[in-house]
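Undergrad: Got these off Swiss-Prot a minute ago, pasting:
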- 46-132: domain 'PNT' (DOMAIN)
- 137-145: motif '9aaTAD' (MOTIF)
- 173-251: region 'Disordered' (REGION)
- 181-216: compositional bias 'Low complexity' (COMPBIAS)
- 231-241: compositional bias 'Basic and acidic residues' (COMPBIAS)
- 242-251: compositional bias 'Basic residues' (COMPBIAS)
- 273-355: DNA-binding region (DNA_BIND)
Amino acid sequence: MAATCEISNIFSNYFSAMYSSEDSTLASVPPAATFGADDLVLTLSNPQMSLEGTEKASWLGEQPQFWSKTQVLDWISYQVEKNKYDASAIDFSRCDMDGATLCNCALEELRLVFGPLGDQLHAQLRDLTSSSSDELSWIIELLEKDGMAFQEALDPGPFDQGSPFAQELLDDGQQASPYHPGSCGAGAPSPGSSDVSTAGTGASRSSHSSDSGGSDVDLDPTDGKLFPSDGFRDCKKGDPKHGKRKRGRPRKLSKEYWDCLEGKKSKHAPRGTHLWEFIRDILIHPELNEGLMKWENRHEGVFKFLRSEAVAQLWGQKKKNSNMTYEKLSRAMRYYYKREILERVDGRRLVYKFGKNSSGWKEEEVLQSRN
């Protein structure tokens with residue numbers, strides 16, 4: 001009697017929202033306390049009762065194999081009402097099972113317990129398990145895509161798809177500088193040439209105002225020579241306008257100037273160079289610097305960009321990227337913070353420092369390489 005009352009109570013929890021198109025007549029059942037066990041069959045056979053008080057079915061939103069015994073009974077009651085089936089033909093003593101047991105029942109077993117309704121139950125179970133599996137796969141795929149998109153958002157800069165630095169940073173080969181005499185041969189490994197996968201995703205630290213940069217930099221006329229006249233015709237010594245460049249696209253440097261900066265490469269030299277080596281080689285060759293950068297403290301490895309956009313343009317020419325800007329270049333430089341090749345000098349705009357894992361910039365190293 002108690003088991004029958006429990007089943008009667010379960011049958012009161014119908015829900016038709018998921019099947020509203022075909023279950024508009026699905027009725028709720030009054031609480032078990034309002035009728036006795038003898039009223040169970042009558043209740044199941046009377047679908048014309050009020051829809052008021054309909055509750056969400058407990059089995060919705062879960063995969064059938066994870067249903068509890070209560071959820072299984074709830075689902076069976078729903079199918080009875082949906083198919084207008086005579087509940088008196090069901091052997092309820094054999095309905096005491098959880099979802100895993102129900103899913104393992106063969107078609108013949110369901111027919112034995114539920115009669116003709118067994119075919120419908122078997123088909124519905126198959127559809128539910130199939131749709132659950134498809135939905136789970138879809139959710140996993142969506143999460144994987146979202147995870148990758150989120151990671152890209154957290155890790156801007158050189159790893160952005162289409163980034164001008166991606167190929168340079170992901171090069172497997174060890175790339176030596178074509179400017180540095182000590183690295184033009186078969187080439188000792190460069191500190192910046194190891195596989196980028198070892199650097200992790202911590203390369204992209206939050207941008208500092210000193211990194212966001214800009215092309216407008218006050219240039220002290222005593223800070224060195226300016227660009228050659230063929231590269232920047234209006235920047236002549238003594239010109240009162242040369243101290244501060246106007247806003248706008250940087251002037252295009254001549255092919256002769258770029259050829260001079262790049263120098264003659266050995267046919268065995270690796271293609272390209274790393275960004276930090278490119279910066280280093282500008283600094284250690286004053287004859288090629290032409291006012292692009294200067295040492296702030298040579299002993300400590302501290303340097304400053306004087307013509308930030310011009311340096312970015314040179315790097316863009318080397319990488320065949322006409323859209324290069326200092327903002328993009330400074331983002332790529334942050335990749336080297338994690339590897340301690342470059343460091344940011346806090347509180348100083350356009351000022352950076354070579355880290356402990358950099359090489360080839362110290363005076364003794366330069367002198368040794370030239371001997």
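All positions are counted from 1 along the displayed chain.
A Cβ is built for glycine as well, from the same backbone N, Cα and C atoms used for every other residue.
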Undergrad: Looking only at the domain 'PNT' (46-132), what is the model's average confidence as pLDDT?
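TA: Across the residues of the domain 'PNT' (46-132) the model's pLDDT averages 77 on the 0 to 100 scale.
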Undergrad: By DSSP assignment, list the helix, strand and coil residue numbers for the DNA-binding region (273-355), in that order.
TA: 37 helix, 16 strand, 30 coil
Undergrad: How does the domain 'PNT' (46-132) divide up by DSSP, counting helix, then strand, then coil residues?
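TA: Looking at the domain 'PNT' (46-132) with DSSP, the answer is 52 helix, 0 strand, 35 coil.
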